[in-house]
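What follows is a structure written as structure tokens; I'll ask about it next.
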């Protein structure tokens with residue numbers, strides 16, 4: 001990053017610590033020690049004042065940063081350090097200075113931890129599983145903190161802080177390349193490769209070889225509750241991969257309900273299709289339906305209860321259980337398809353007999369005069385889907401032929 005840095009306030013940090021601009025490193029330490037204890041939030045101090053003290057101490061005890069601050073002020077440091085985002089945590093500086101028990105016990109501050117990633121798995125289940133409820137055991141591999149070193153990666157109590165980056169993992173390279181010109185680059189610390197820690201070969205944990213984690217196989221019992229939906233999530237909190245200084249993420253199972261050969265589900269209702277004959281549609285029927293829990297349901301219509309093609313009948317409380325209220329269920333809908341007899345099955349006598357039984361034909365009878373004025377037609381059986389495909393192909397072929405005619409060379413008349 002290049003830019004001309006204007007001069008700004010270069011006395012604020014000295015005033016915050018209450019020292020002159022000529023203060024030595026020992027004087028800075030003494031001033032910080034006194035002010036930090038007084039203003040620590042655990043002692044009722046102002047958190048913003050405590051933060052300012054830490055920033056001032058961090059800048060003025062770093063010779064390179066102090067030189068830039070003395071020449072160009074606070075704004076130059078902010079521009080050169082990515083908007084000031086590279087300051088260390090003020091509590092970290094305090095604990096490095098005093099240790100963890102400055103007030104006779106461990107600090108009440110909990111170090112902010114990043115959250116680990118969740119791990120999602122698709123779990124295929126049957127419609128029977130979500131109707132009856134079921135349990136599945138799944139074996140998974142995951143990383144856990146090494147039990148021998150407790151995730152430190154070392155034999156000793158804790159790894160050493162990297163001297164190259166002071167535990168940050170990144171190094172800021174700042175150079176003055178001209179009058180009022182500063183070059184700033186941020187790179188991964190080559191000493192610790194971004195970890196902020198240094199572990200010697202002799203101090204590496206023999207169990208995890210300083211990786212801090214080991215692999216574990218774990219069996220999870222996944223309970224599919226009655227009435228769960230396609231796409232619903234089952235969450236195992238804190239069961240994903242563990243890592244140091246990280247809040248462990250969750251393992252998430254996403255239900256994928258497989259298509260059933262007979263039943264279809266819509267919310268808490270179930271649908272089935274049933275094909276019946278014309279005789280059954282007119283004179284009644286009965287059949288046995290095996291439900292998702294293997295119960296046998298008797299489905300019937302009494303003689304004279306006419307079933308029309310495409311008609312639906314509902315059976316209460318035989319649909320899906322409500323999730324969370326499994327004793328309440330939706331409805332089971334039966335859609336009826338009526339299969340008519342083939343042409344030629346009925347004789348003329350049978351047709352006349354049916355006419356006597358069935359309701360009369362609607363409308364009036366055509367007279368001989370009406371018939372004489374009409375042209376007689378003949379109807380043929382047709383597969384309408386096949387007919388539409390044939391028509392579509394024919395239209396495409398005609399359009400292709402027209403394009404070829406337009407692209408053909410035209411014959412020019414000879415000039416006289």
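The first residue you see is number 1, and the count goes up from there.
Glycine is no exception: its Cβ is also placed from the backbone N, Cα and C atoms.
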When you get a sec, could you say which of 343-379, 380-416 is annotated region 'Disordered' by Swiss-Prot?
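That would be 380-416, the stretch labelled region 'Disordered' in Swiss-Prot.
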Do me a favour and check the Cα-Cα span between residue 208 (Zn(2+) 1 binding site) and residue 192 (Zn(2+) 2 binding site); whole Å is fine.
18
How do the residues of the repeat 'CXXCXGXG motif 2' (162-169) split into helix, strand and coil according to DSSP?
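The repeat 'CXXCXGXG motif 2' (162-169) comes out at 0 helix, 0 strand, 8 coil.
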Other residues near the Zn(2+) 2 site, CB within 8 A of the CB centroid of 162, 165, 189, 192?
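Along the chain, the qualifying residues are 163, 164, 166, 167, 168, 169, 170, 171, 190, 191, 193, 194, 195, 196, 197, 198.
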